[in-house]
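Q: Below is a structure I'd like to ask you about.
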Amino acid sequence: METQNHTTVTEFILLGLTESSTLRVILFMVFLGIYTVTLVGNFSIISLIRSCPQLHTPMYLFLSHLAFVDIGFSTSITPTMFKGFLGNRLVLSVAACIAQFCITVTFGTVECFLLAVMAYDRYVAICSPLLYSTHMSPRICFLLVGASYVGGCVNSGAFTSCLSILSFCGPNQIDHFFCDFPAVLKLSCSDVSIIGIIPSISAGSIIVITVFVIAVSYAYILITILKMRSTEGRQKAFSTCTSHLTAVTLYYGTITFIYVMPKSNYSTAQNKILSVFYTVVIPMLNPLIYSLRNRDVKEALRKAIIRIFP
């Protein structure tokens, strides 16, 4: 009988986006700019909503939490990318890798639930305006936000529980810029036949549930808008939804390709590009989408600028 000696892996090497030192410098500058805009934009949204009484409504409460989640989502990955750009290689311990993935999944899942909550909020505001204060009371808003964070933690716990029971005794190079579940799973020497389908089941279930809420909400919204006789009323109703629909399309479209579609449909390079888009670019775009396409936010921003620079 042959005895195979396995060395337990205690750390992973993340290969990042490129091996070219020149490209790493360029990418560092690009992502530094993106991360700066992400922080400034989302912190500005949070500060603006907190400081402007006219934005103290459920819709903007949810938007402020979305901005906070985008900050956490981007921060869970981008600073680690900077280390990889500035060094020859990025090394993370197994525990640090699992922790990074845990945080990333938490914020990513919370964003899914918040987008669904925001769709429900628009449904109540447009379809049942007289009952809005009752259906979206401070207590209900608190419960909806709290449930979003709890859902994120539960989903993250399921993923990290699977990772924590895996053994790693072979190659330790992850062909990615962060510790994503499929990339880490490839390096395990444990039986992953069951664990390997968990990302699609878990992410797919959350996507189906939240997309169902969003789709039903907007179906009723569309019916209500089409029944409106006033053109101005239609335009106002549409204007409150376009920003949210844009954010939903960008986010759900990307994560569906990554975590639900069969991996044979796209290459590792394409996976990295899509991952960059939803983990780094979208958190930067959300505050721009909501500020540039929202009259209330633009007006509050104008007043805030006047107060600062009279």
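Using the three backbone atoms N, Cα and C, a Cβ is placed for every residue, glycine included.
From Swiss-Prot, here are the annotated features:
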- Cys97-Cys189: disulfide bond (DISULFID)
- Asn5: N-linked glycosylation site (CARBOHYD)
- Asn265: N-linked glycosylation site (CARBOHYD)
- 1-25: topological domain 'Extracellular' (TOPO_DOM)
- 47-54: topological domain 'Cytoplasmic' (TOPO_DOM)
- 76-99: topological domain 'Extracellular' (TOPO_DOM)
- 121-133: topological domain 'Cytoplasmic' (TOPO_DOM)
- 155-196: topological domain 'Extracellular' (TOPO_DOM)
- 218-237: topological domain 'Cytoplasmic' (TOPO_DOM)
- 259-271: topological domain 'Extracellular' (TOPO_DOM)
- 293-310: topological domain 'Cytoplasmic' (TOPO_DOM)
- 26-46: transmembrane segment (TRANSMEM)
- 55-75: transmembrane segment (TRANSMEM)
- 100-120: transmembrane segment (TRANSMEM)
- 134-154: transmembrane segment (TRANSMEM)
- 197-217: transmembrane segment (TRANSMEM)
- 238-258: transmembrane segment (TRANSMEM)
- 272-292: transmembrane segment (TRANSMEM)
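Can you tell me where each of these features sits in this structure?
A: In sequence order, Phe12, Ile174, Cys179, Val184 are the residues near Cys97 (disulfide bond), counting only same-chain partners six or more apart with C-beta under 8 A.
As a whole-number mean, the pLDDT of the topological domain 'Extracellular' (1-25) in this prediction is 76.
Counting residue by residue with DSSP, the topological domain 'Cytoplasmic' (47-54) contains 7 helix, 0 strand, 1 coil.
Residue counts for the topological domain 'Extracellular' (76-99) under DSSP, helix first, then strand, then coil, are 15 helix, 4 strand, 5 coil.
If you look at the topological domain 'Extracellular' (155-196), the same-chain residues 6 or more away from its ends with a CB under 8 A from one of its CBs are 6-9, 11-17, 77, 80-81, 84, 92, 94, 97-98, 100-106, 109, 202, 206, 263, 268, 271-272, 275-276, 279.
Long-range Cβ contacts of the topological domain 'Cytoplasmic' (218-237) within its own chain (Cβ-Cβ under 8 Å, at least 6 residues beyond either end) map to 119, 122-123, 126-127, 245.
Nonlocal intrachain contacts for the transmembrane segment (55-75), taken as residues 6+ away from its ends with a CB within less than 8 angstroms of a stretch CB, comprise 35, 38-39, 41-43, 45-46, 48-49, 103-104, 106-108, 110-111, 114-115, 117-118, 121-122, 125, 136, 141, 144-145, 148, 240, 247, 279-280, 282-284, 286-287, 290, 296-297, 300.
Taking Cβ pairs closer than 8 Å, the transmembrane segment (100-120) reaches residues 59, 62-63, 65-66, 69-70, 72-73, 76-77, 80, 92, 144-145, 147-149, 151-153, 155-157, 159-160, 163, 178-181, 184, 206-207, 209-211, 213-214, 217-218, 244, 247-248, 251-252, 255, 278-279 in its own chain, all 6 or more past its ends.
Away from its own ends, the transmembrane segment (197-217) comes close to residues 109, 112-113, 115-116, 119-120, 122-123, 151, 155, 158-159, 162, 181-182, 248, 252, 255-256, 259-260 of its chain (Cβ-Cβ under 8 Å, at least six residues beyond either end).
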Q: Count the Cβ atoms, other than its own, that fall within 10 Å of the Cβ of Cys189 (disulfide bond), considering every protein chain shown.
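A: Other Cβ atoms found within 10 Å: 14.
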Q: Given a Cβ distance threshold of under 8 angstroms, which distant residues of the chain, six or more beyond its ends, lie next to the transmembrane segment (26-46)?
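A: Distal contacts: 17-18, 63-64, 67-68, 70-71, 74, 78-79, 81-82, 85-86, 280-281, 283-284, 286-288, 290-291, 297, 301.
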